[in-house]
Each structure stands twice: as structure tokens, then as C-alpha cells.
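Features reported for this protein in TrEMBL:
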DOMAIN    149-579  domain 'Major facilitator superfamily (MFS) profile'
TRANSMEM  151-174  transmembrane segment
TRANSMEM  186-206  transmembrane segment
TRANSMEM  218-237  transmembrane segment
TRANSMEM  243-264  transmembrane segment
TRANSMEM  276-294  transmembrane segment
TRANSMEM  306-326  transmembrane segment
TRANSMEM  377-400  transmembrane segment
TRANSMEM  420-439  transmembrane segment
TRANSMEM  459-478  transmembrane segment
TRANSMEM  484-507  transmembrane segment
TRANSMEM  519-541  transmembrane segment
TRANSMEM  553-573  transmembrane segment
Amino acid sequence: MPWGGDNIALACSFSCSRSLRYALGGYRSSAEVASLYICFVSDGYLPWAVFAFNPHILLQFFQRCCGITITLYHRYPLPQDPTISLVTCNFCIPARRKRVVTFLKMSLDAETSALNIPVETKSGKGDVVDWDGPDDPANPRNWKKGLKLRHVLLVSAFTLYSNLAAVMFAPGAAELVEDFHVTSTIVASFTVSIYLLGYVFGPFLLSSMSEIYGRLIIYHLSNVGYLAFTIGCALSKDTAMFLVFRFICGCAASAPMVVGGGTIADLYQASERGKAMALFGLGPLLGPVIGPVIGGFVTEYLGWRWTFWLILILAGVVSMFALVFMRETFEPTLLERRASAMRQSTGNSQLRARTYNKDRTPSQILARAAVRPLKMLLSPIVLPLSLYCAFMFGLIYLLFTTFPAVFETTYHFATDISGLAYLGLGVGMIISIGLFAVLSDKLLKQPRQGTLERPELRLILMIWSSPIVPVGFFWYGWSADKVTHWIVPILGTMFIGLGAFLILMPAQLYLVDAFGSEAAASALATNTVLRSLFGALLPLAGPPMYESLGLGWGNSLLAFIGLAFAPLPFLFYKYGETLRTRFPTTL
């Protein structure tokens, strides 16, 4: 049979059953590309051979062997000399799921009657498994926009219900204290804030595990744990039982807070992350705002236990959707799966993923990843920005402690509608989300100081918004102190919400861009730990401070501290790149 011309080559031999042995690696749905490794096994009756087919004969052959229809969209002429030559063929196999399958490069050695499947990377290193080029659809960054958006929305839903639970119970805390006969005011406050302490301890383990075992398994395990211990909170018989279950719920709920940023880094290039991070930021900031609104009505008409049953229903629905529709996005995990499939299909035990590190055992990798968030604390980039974010987050929770006194006592709001006072914060945050989504990526693409897409460009919004929060605290504090119309202090909280979001989100996105996909979860873990610590402990200082200084000077003190932090974003914008290069964090 002649070689060359417009023919297509296929290396094969026939067994008695004419069965086709093949392996598909690394796919789950129609949007992902897998490599199809075709290995025809000789049973000794017929020798191995190389057949040349015209395209229509090749299609008929596959249809008879596999029972599927194949559309050939690339064809390559055979070389004149078939010995040790590479032939690349790409096929689209619709089948039931309309899977797109990429034919691997095959080495056809007619002299030794052997079929070799070499694995090559861009650098030419053998036995290294990588993506099939920059446009490989199996790479999460090449997924369709709808598929990426689905994952961002699910992660945002995780963060929403986990942050709803942080304060949705707050209106029912007094009822729980009465049911369990609690007399200590500190214990009463702890029933709410201990949830945030779970955010302090959970990230160290969960962020590390996500960078070893992948994002998906962490999401699923944390969701299961969250559901189980939420049931425990709803069925608690005493204060100790409630506090233990509430703390573990907080640990589980911290997973999307720290892993979510890594998921976005997996899915999007730096210049595309602004809108995704805006959606991701909805939960942590809107949850504490709308949580008390819902919690007030639920506690008033159904009791405090129903706040947990409602959270359980919401979390259960989201978790079921995640179980069905979420996929792994972490590059090292996906490449390792591809390498494992190739080792099985080719028999080459030397194949390793590009991200594989042979010098570390799994226990060493886990230990290294576990201390990574602690190393981040020593970074001159992470620590100051995380402290600023923690202070802003703590201020919001501290503000919540004044709302019952201001709107129920001073303005005589009923319990069920007092939660509506939180909507001023919510309106400000919604406005800031729109601004952040529109401006963040545009600012990143503007060349400044000769550098395009420098991570420090994320901080421009932070520079603009830093003075807004102090203005909001001055406004809210003195209008409430002078008992103006109730809408005036609520308008002040709107400015607090607007400024706080435009501080927290650019800072988080800056950390994601600066540390990349592989370390984003650890960087956000450090940020989340400090933020949650301030959110849990700073509100405890609120009642004595306001009792001593009053609403006017008490909130003015917070505004002055906010003004002291205001120059920080500008300093990082100007000197951040120098700090990152001069004092790199060894991970």
C-alpha cells in the first residue's frame, strides 16, 4: 500500500473479537477535551501492521468498531518514509455527550512493529504531561464563558449562605439566652461571634489541602460538614453543645472564603478577574447585611431554631447543585489525573505531570502547605493589607452592635423591622459592586509607569475609596447622636458599605494577582484569618466604648483610625512592586 499522498495513517492490529481498547483521560462534560490513546492489541493471530486509509474508510472503520460517528476536522499527509514518524490526527466524536476528543501524537515504527506514544511538552522534556497547547479546552482557563460563570456563581452562593449564617442568628441570640438560662453577657455575645472564630482556624487546614488535593473535594467535604453541624445547632440542648457545633460550622464555612479566590485564579487570566471577584465578594459583605433582616422576621414568627433550618435548606440546595455541576479547576490536580490516565493506557510508569515534585512526599507537601499561610503573615505585602481589611471588616461588625440601641431604643423600631436598618449598608455595597465590576479590569489594562497589568493597579480603586469609610462613620455617629431623622444615619451607613467593599475587594484581588493560582488560597487564608479575628473580637469592645464616649465620639474615634490607614493603598501602589521583588515570600 503506498505511503504519502492525501492518505491518513492508523497504527493497529485486529484481535479475534475486533475489540478496540482505548482510554479517555480527564473529561467530564462536553466542554472538556481529553486525549484518546488508541492501543490495538494483537492476539497473536494477526501481526501488527500500519494501514493507510482514505478519510471515508477511516470514518467507517471507527464507526464499526466503536459504534459512534466521527467527524474528521484535520487530516495530515503521511510521510514518504513511515519509519519512526509522527502523525497527528484530530477527531470530533459527538457520541452521547458530544465529547471532543484529541488524537494523541503517534510514533509509527514499521520496522520494530511497535506503537509508541511519546509525551512532549513545549520545552521538549520527555515523560512530562502538560496541556495540549495554550488552547487546550481541558484547561479551565479555556472553558466556555457559561461554564466559568456557573462555577463563580456556585462559589458565590457558598459564601453567601456561610456569611448569612454568621449574623442571621443574631436577632435570636436573646431568645437562645433565655431558653438556655444564660446570665453572662460575654457568653451571650459569644453565641454569635464564635462562628467567626471558626473562620480563624479553618483556613489554615482547608487552604493547604485545596492546594494539594484540589478545590472540588474541599468544597464537597466542607459542605457536608457544614450541613451536619448546622443540624446540630438547630437541635442543641444546652449552651455548650450549641457553641461547639457553631464553632465547627464556622470552620467548615471558611472553605469557600479561602478556596474561592483560588478557583477564580484557576478560571481567569488576571485581566479578566474583576467581574468574577465582584460576584465572589457579594457573599461576605451582603450576607451580614441581609442576614439580620431575614433573621429578625424568622425569630419573631418561628423562633431562633428556624434560622438554622432555613440556612440548612439553602445550603442543602446549593450543595446538591455543586455536587452535580461543579468540576475540578486546580491545574496540578487536573494534570496529575491526565498523567495517571496516560500511565495506565501507555504502560509508561515514568510519566509525570508538569506540576509534579518528585523531591517531596505527600506528608512533606501537606506540612509545607500547612505553614504557607503562616509564612504569608511575614510578607510585607500580605500583612499590612490584611490588617487594613481586618480593621474594615471588624468595623462593620462593630457597627452592627450599635443598631439595636440606635434603631430599637432611640427610633423605636419594632424587632421584626429593625433589621431593615441594615439595608443602608447593602445599598452602598451594591453600588460598589457595580463600580468594581466595571472599573477593576479596565484600570488593570491601563499602562502606568511603563508596566501593563501590574497587580498594584488593582489598588487604584482602594486609593479612591479609603476616605469614604471615615466620612460614613462621622455621618452615622453624629446623626445618631443628635437623633436626626432615622434616614440620615442609614444614609451614613450607605457610605460605609460603599467604601468598605471598595477596600476589601481590590485588596483580595491584588493578593490573587500577586501570588497566582497556586498560592492564592493561602494568601486569602491569611487575609480571612485576620479579618475574621477582628470581626469576632472587635465587636466585644463596642458596648463599653460607646458607653464611655457616646455614639458621636465613639464613631469619630473609628473614623480617625480609618483615616490613619487611608495612605496605605497609595504606598503599596507606589512601592508594592519593589517590596514584592525585594522581599519575596518563599513558599
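For all residues, glycine too, the Cβ spot is worked out from N, Cα and C.
Contact between the transmembrane segment (377-400) and the transmembrane segment (243-264) is not supported, since fewer than 3 Cβ pairs fall under 8 Å when only residues 6 or more apart in sequence are counted. Taking pairs at least six residues apart, the transmembrane segment (519-541) and the transmembrane segment (243-264) share three or more Cβ pairs below 8 Å and count as touching. Spatially, the transmembrane segment (484-507) is adjacent to the transmembrane segment (420-439); three or more Cβ-Cβ distances between them are under 8 Å for residues at least 6 apart in sequence. Sequence-distant contacts of the transmembrane segment (151-174) (same chain, at least 6 residues past either end, Cβ-Cβ under 8 Å): 188-189, 191-192, 195-196, 219, 223, 226, 230, 249-250, 253-257, 259-260, 263-264, 267, 276, 279-280, 282-288, 290-292, 294-296, 298-300, 303-304, 307-308, 310-311, 314-315, 318, 321-322, 325-327, 329, 397, 400, 415, 418-419. Residues 274-275, 277-279, 281-282, 285-286, 288-290, 292-293, 396, 399-400, 403, 406-407, 413, 461, 465, 472, 486, 489-502, 505-506 of the same chain, all 6+ positions outside the transmembrane segment (420-439), place their C-beta atoms under 8 angstroms from a C-beta of that stretch.
Among residues of the same chain six or more beyond the transmembrane segment (553-573), those with a C-beta under 8 A of the stretch's C-beta atoms are 381, 384-385, 388, 391-392, 395, 398, 402, 456-457, 459-460, 462-463, 466-467, 469-471, 473-474, 476-478, 480, 503, 506, 510, 545-546, 579.
Below 8 angstroms of C-beta separation, residues 151-152, 155-156, 158-159, 162-163, 165-166, 190-191, 194-199, 201-203, 206-207, 210-211, 215, 218-219, 222-223, 225-226, 229-230, 232-233, 236, 273, 276-277, 280, 283-284, 329-330, 508, 511-512, 517, 520-521, 523-525, 528, 532 of the same chain, each at least six residues beyond the ends of the transmembrane segment (243-264), sit close to that stretch.
Long-range contacts of the transmembrane segment (459-478) within its own chain (CB-CB distance under 8 A, at least 6 residues past either end) are made by residues 392, 395, 399, 428, 432, 435-436, 439-440, 443, 488-489, 491-500, 502-503, 505-507, 510, 551-556, 558-560, 562-563, 565-570, 572-573, 576.
Away from its own ends, the transmembrane segment (306-326) comes close to residues 150-151, 154, 157-158, 161-162, 164-165, 168-169, 172, 216, 219-220, 223-224, 226-227, 230-231, 233-234, 294-295, 298-299 of its chain (Cβ-Cβ under 8 Å, at least six residues beyond either end). This prediction places the mean pLDDT of the domain 'Major facilitator superfamily (MFS) profile' (149-579) at 85.
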